[in-house]
C-alpha cells in the first residue's frame, strides 16, 4: 500500500514535469507554468473521481500531491536544458507514469463497484485526460488525437489487468504484468513508429 | 418507461454515429474516432448529472450505453459513404436525438427537484454539451456558437415542456408535443435558413 | 451574511456583463451571448463546488443567480457602446468581481474543511475558471496564460486571507484587507504594465 502511494506521488511528480516542459513552445509566466504542471498531473485522476462521484478528490484530501507538484516547478526550471536533452529518459518516465496511473485508476474504479468496461475507461482517463485538458486549454491537438500510440497502450493495459483479475490472477503479479505490457507497447510504438489504423477510409 | 429507455439508447446510438462522422474532416485513428463518438453521445448527460450531483452517471451505472456506442463505431465505418450521402436522414436522426435528450434531461432535472429555469438549462445541456465538448477538444467552433438554430430549438422545447407541465398537461401528451415542437423548429430553421438575431449591433 | 450575498449577486452580474462583452470580437447570436455570460459568471464557482463535491451548486440551488445573469443580457445590449467606452470603469468592476469571488471561494473551501493550500487554489479557481472555460470554448488563449497579472493577484489575495485567518485576525477586517490587496495588485499591474517573470529561460 505504501509502495503504491509512493509510486502515485512519483507519477504525479513526473506528470507535473512533463506538463511544465510543454511550456517550452508557449510563452507562460511562472504561475501559468505551475498551473500547466498541476492540470497535467491531477486532471486525469480528478476527472475519473468526478465521473465516479468519488470524493474527496485525491489532491483535495491529501496535500502531498500539491507539494510534489510545487516541488516539480523549480526543479524543472533548474534542469530545463538537461531535461530537454534527456528526451529518451523523459519518455520512459512519462510512460511509467501513464502505465501506473492507468492501473491505479482501473483498480480504483473496480473498487467503487463499476463494471469492467467502465473501469477500463476510467483507467485510461486517469492516465491521459490530464494531458488532454492541458492540450485543450493551450489550444493544442489533444494527445488522444495524435498519431502516436498512447491512449491505446493504456487501454490495452487496463483490459489486460481486468482480464487477468477476472481470471483470479494474484493482484501484485497482475499489476506488474499489466504495467510492463503498457510500457512495452508504448516504447515499441515510439521505436518502430507504430500507429493504429486511421478511421477514415 | 421501457419505451423511454429504448429511445434513450437509440438517441445514444444516433449521437455516437453523428459524432464519429465529424471525424471525416479530421485525421483520427480508431480509438480517437471511438472516443469522439463516446464524448458526443454521453458528454451532455454526464455534464448534466455532474452539475446536479446525480450519481451514478447513466453510462457508469448501466453498460448498455457503452455497448451501443461501441456498436456504432464499426457500423459507421461500414456505412461511411452511405451515411455521408444520407445527410437529410442524418439530420432527422440527429434532430430526433437532441429533441429526445432535451426532454429526458429536463424531466430528470425536475425529478431531482430543481427550479424550472434550472431544469430548462439542464435539458438543453443534455442535448448540446456532448457536441460542445467534442468541438472544443478538436478545436472547432462549438455548435452553440454557430449560426444555425440548434441550442435554441432545444431551449424552446424545454420551456414548452415545463410550461405545459406546470399547467398540469398529461405527461405523455406533453412529451410528444414538445418533441414535435423541437423537431419542427430545427427542421424549419435548416430548410429556410432561419437564424436568431446577432447580438452585436 | 446578507451583505455577502448581495455582493455575490453583484459579482455574478458584473462577470456576466464582462463575459458578454467579449462577444464583441466574435459573431454570436443572443443565445450564444447569454451562454457566454452565463459560463463566465458561474463557471468558476461551479468548478470549485464540483471539485469540492459541494452540492447543490450555487446557481442550481438558488435561481437568483440565473435571474441576475438574464438581466445582464439586455442591459449589456442596451449600453453596449457606453460599456465599451467605460473600459476603466469596467476594469474596476471586473477587478472587484475577481477579488470578491476569490475570497468567497477561499472561505467556502475552508468551511468544507480542506487544507489551506487547497483552499487557495479553490479561491483562485472561483475567480478565474469561468473566464478560462469561456476562453477555451471560443478558442481564445485562456486569461491564465496571458501576460497580465490576473490569476496571480487572486492567488496572492487568497494566501493573504488564509495567513491572516490562521493568525486569528477578525474575519471582516481580514476580508476587507485581502480584498483591497487583490484590487490594488491588479490595478497597479495594469497601470504600470507589471508582469510575472516568464518561465522559459
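Glycine too: its Cβ is placed from the backbone N, Cα and C atoms.
Curation plays no part in TrEMBL annotations; they are all automatic predictions.
TrEMBL lists transmembrane segment for one of the ranges B:85-106, B:173-194, namely B:173-194. Remote same-chain partners of the transmembrane segment (B:6-23), defined as residues 6 or more beyond its termini with a Cβ less than 8 Å from a stretch Cβ, comprise 32-34, 36-42, 58, 64-65, 68-69, 71-73, 75-76, 83-84, 90, 93-94, 96-97, 100-101, 104, 130-131, 134, 138, 140. DSSP places the residues of the domain 'Glycine transporter' (B:92-164) in helix, strand and coil in these numbers: 60 helix, 1 strand, 12 coil.
Here the transmembrane segment (B:30-52) has long-range neighbours at 12-13, 15-20, 22-23, 58-59, 65-66, 68-70, 72-73, 76, 101, 105, 108-109, 112, 114, 122, 125-134, 137-138, meaning same-chain residues at least 6 beyond its ends whose C-beta is under 8 angstroms from one of its own.
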